[in-house]
Amino acid sequence: MITTEQRPGQAASAPGDGQRALRGQVAWLPLPGGLVAGAQVTVDPIAASGSLLRWAIPLLLMVLVLLLMHAYGYWRLHREAGERHRAERRLQEVCATLPAVVYQAHRGRDGVLSFPYITGDMYSLFGLSAEVAMADESRLFATVHPDDQAHLRRSVEVSATHLTVIDVEFRACGPQGWRWVRSRGQPMAADDDSVKWSGYWIDVTASHEQATALAAARRDAEAAAAAKANFLATMSHEIRTPMSGMLGMLEVLEDTGLDEEQCALLATVHDAASLLRQILDDVLDYSRIDAGALPLEAMPITLPGIIGNVQRLLSPMAANKGLWLRSRIDPRVAAGHCGDGVRLRQILFNLLSNALKFTAHGGVRIELDVRADEGDRQRLCLAVIDTGIGVSADQQAVLFSPFTQAEASIGRRYGGSGLGLSICRGLAGLMDGDLRMHSSPGQGTRMELELTLPIAIAPGAVSARDADAAQPVFAPGLQVLVAEDDPIHQALMAWRLRQLGLGHTMAAQGEEALRLMQGRAFDLVITDCQMPVMDGYALASAIRRTERASGAVPVPIVGLTASVQAQTQQRCQQAGMDRMLTKPITLEALREHLAALLTTTGDMAAAVDPVPCVQALGRQLGSVATAREVLTLMQTTTQADLSGLIRATAGGDAQAVNACLHRMAGGLGVVGARRLGKQARGLMRALEEAPLVDSRAGLDRFSAGVERYLAGLRGVEFS
């Protein structure tokens with residue numbers, strides 16, 4: 001019940017506590033106007049207890065649930081804290097056993113670097129504990145080698161700037177001294193422009209020591225290989241020099257009119273000396289192939305000519321054993337190819353001599369077949385087939401190994417170094433070819449060389465010159481200057497030049513040869529590369545400098561050396577030599593080389609420079625496309641100059657003739673027409689010394705030769 005009444009300023013006294021609990025309570029509330037409202041609540045004990053239960057039980061349940069949730073959360077938190085603690089302990093244990101130190105680095109906006117987390121065996125690497133390093137990063141940085149500190153700082157700056165992985169190696173001083181440490185860390189940028197890295201340090205000293213040891217071993221191996229090469233080169237030079245004199249004198253002795261018995265004795269000595277030279281060449285070739293230092297040349301060659309040449313060389317050997325020696329050439333074989341004729345001849349010579357050596361009855365056949373035509377290339381198979389003793393499959397497996405023969409008794413019965421087939425396979429590999437053997441005991445042997453060669457002359461365009469062509473006869477009046485310090489080789493060269501019908505002047509060393517050239521003109525210079533005071537290289541360089549200064553026409557220079565190193569060939573070219581000949585050299589080989597540099601009576605009448613190999617010319621000019629453009633342009637300009645030369649010759653205009661010759665000599669020289677270029681230079685020299693009328697016949701022959709050369713070019717498609 002609620003009542004209102006006017007009351008004085010204080011409320012009525014409240015009943016006692018016990019009575020209030022049972023009877024109720026009056027609550028007074030102030031109202032506007034000074035009134036006070038009182039509300040008396042009367043609680044029935046029985047009704048009150050029921051009401052209490054209605055709201056107390058849910059409340060108690062809620063409190064209980066809250067207590068249970070709190071207890072569960074506390075249990076979960078405690079368990080997670082325990083797991084985290086155990087995980088941290090396991091991480092510490094794992095990191096302690098790892099061969100690395102795990103770190104987290106922090107670089108603030110101010111550039112200060114710190115390490116909030118480091119774990120692992122810090123002491124082994126840096127001689128510091130993780131706690132010390134985390135407390136003071138400067139002490140950690142102080143352990144880095146002074147020479148590596150700047151590089152380490154730069155790596156950190158680059159990684160922080162570009163957020164790239166830091167991967168750097170440096171030296172650090174630990175309890176075991178200086179150690180190589182590798183640091184690798186993944187950067188991550190923070191919102192406050194700071195950078196954090198998570199990474200590791202690891203000891204890589206063993207790897208550095210292994211790399212150092214490997215580099216030292218490589219240097220030692222290279223030094224040993226160089227020492228072996230130098231030893232072989234030195235021994236080659238020392239052996240070849242007296243051998244050259246011996247073989248040369250045997251050649252001179254053969255020309256002195258010996259009786260039959262003396263000729264037989266001389267042939268025995270010559271064969272023994274030639275065998276010695278062959279063994280020396282085999283050892284040197286094998287060492288150069290093994291070292292990858294045997295260069296190959298790409299020149300126009302005629303395979304039928306090579307086969308015929310080798311067949312003629314070994315015909316006496318076949319005849320002495322009563323064997324037949326035949327050859328068969330596929331008519332589809334192109335008239336000319338581009339390759340290394342010397343090395344192909346060497347392979348064929350080895351294969352054919354082996355076949356004849358191990359054949360007692362029957363004979364040997366050489367076959368050259370076209371396996372495939374590939375446009376400007378041909379896939380060829382050169383086979384040597386014999387009716388000899390044959391080789392078992394087990395023996396074939398080792399025959400291509402160096403210094404190996406099928407049986408020990410073979411070396412005693414047949415001789416040889418056991419290097420021939422190994423060299424042949426190495427040469428075949430250098431030519432991107434393949435050398436295979438097909439054989440069985442008592443059934444003979446078939447050796448096959450399969451390789452692809454570019455076509456230098458289209459079939460039927462120009463007839464290949466037969467190897468039996470007449471030997472060149474040099475034009476009269478040619479003079480050769482010889483620079484040679486060895487008296488024996490002076491005598492040999494003088495005899496050879498007389499045999500070739502060439503005049504000569506002898507100089508004992510380079511300075512004397514240079515003085516002789518200042519007083520007179522020579523058509524060719526032959527110089528020994530190794531001479532005291534001024535060697536052949538210095539002489540050739542001095543001659544070329546003098547020619548450039550005076551504008552004189554270059555004189556052909558031939559270098560003679562007993563060295564077979566590739567560097568020697570390069571030195572000769574750099575000095576300005578036109579050719580390098582290796583001692584010992586025969587009269588016929590000298591004739592062949594000099595004929596390519598000097599004017600012969602046949603040069604102006606019949607001999608024609610070979611059509612250039614487009615692939616070889618492309619290597620010189622940078623590309624095959626450039627070579628084709630040059631050849632096409634040369635044809636056009638040379639044809640125009642030829643017409644101008646004929647008109648100027650007929651009109652007696654020496655100046656115009658000289659201009660045409662000058663242009664033609666340059667153009668022909670670019671594409672390798674050396675004979676015609678040499679003739680043009682010779683005619684220019686003749687015009688300086690005599691009137692045009694004296695050179696008219698030579699000019700006519702030169703014009704005819706150029707016309708034949710251009711006709712040969714027109715027979716080949718270059719575009």
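Heads up, the Cβ atoms here are built off N, Cα and C, so glycines get one too.
If you look up TrEMBL, you'll see 234-455 marked as domain 'Histidine kinase'. The feature domain 'Response regulatory' is assigned by TrEMBL to 479-598. According to TrEMBL, the domain 'HPt' annotation covers 623-716. The 4-aspartylphosphate annotation in TrEMBL covers Asp528. As annotated by TrEMBL, phosphohistidine applies to His662. TrEMBL lists 55-75 with the feature transmembrane segment.
By the criterion of other Cβ atoms within 10 Å of the residue's own Cβ, the least surrounded of the modified residues Asp528, His662 is His662.
Counting in whole angstrom, Asp528 (4-aspartylphosphate) lies 31 from the residue listed as 'phosphohistidine' by their C-alpha atoms. Under DSSP, the residues of the domain 'HPt' (623-716) split into helix, strand and coil as follows: 84 helix, 0 strand, 10 coil. Confidence annotation: the domain 'Response regulatory' (479-598) carries a mean pLDDT of 87 in the model.
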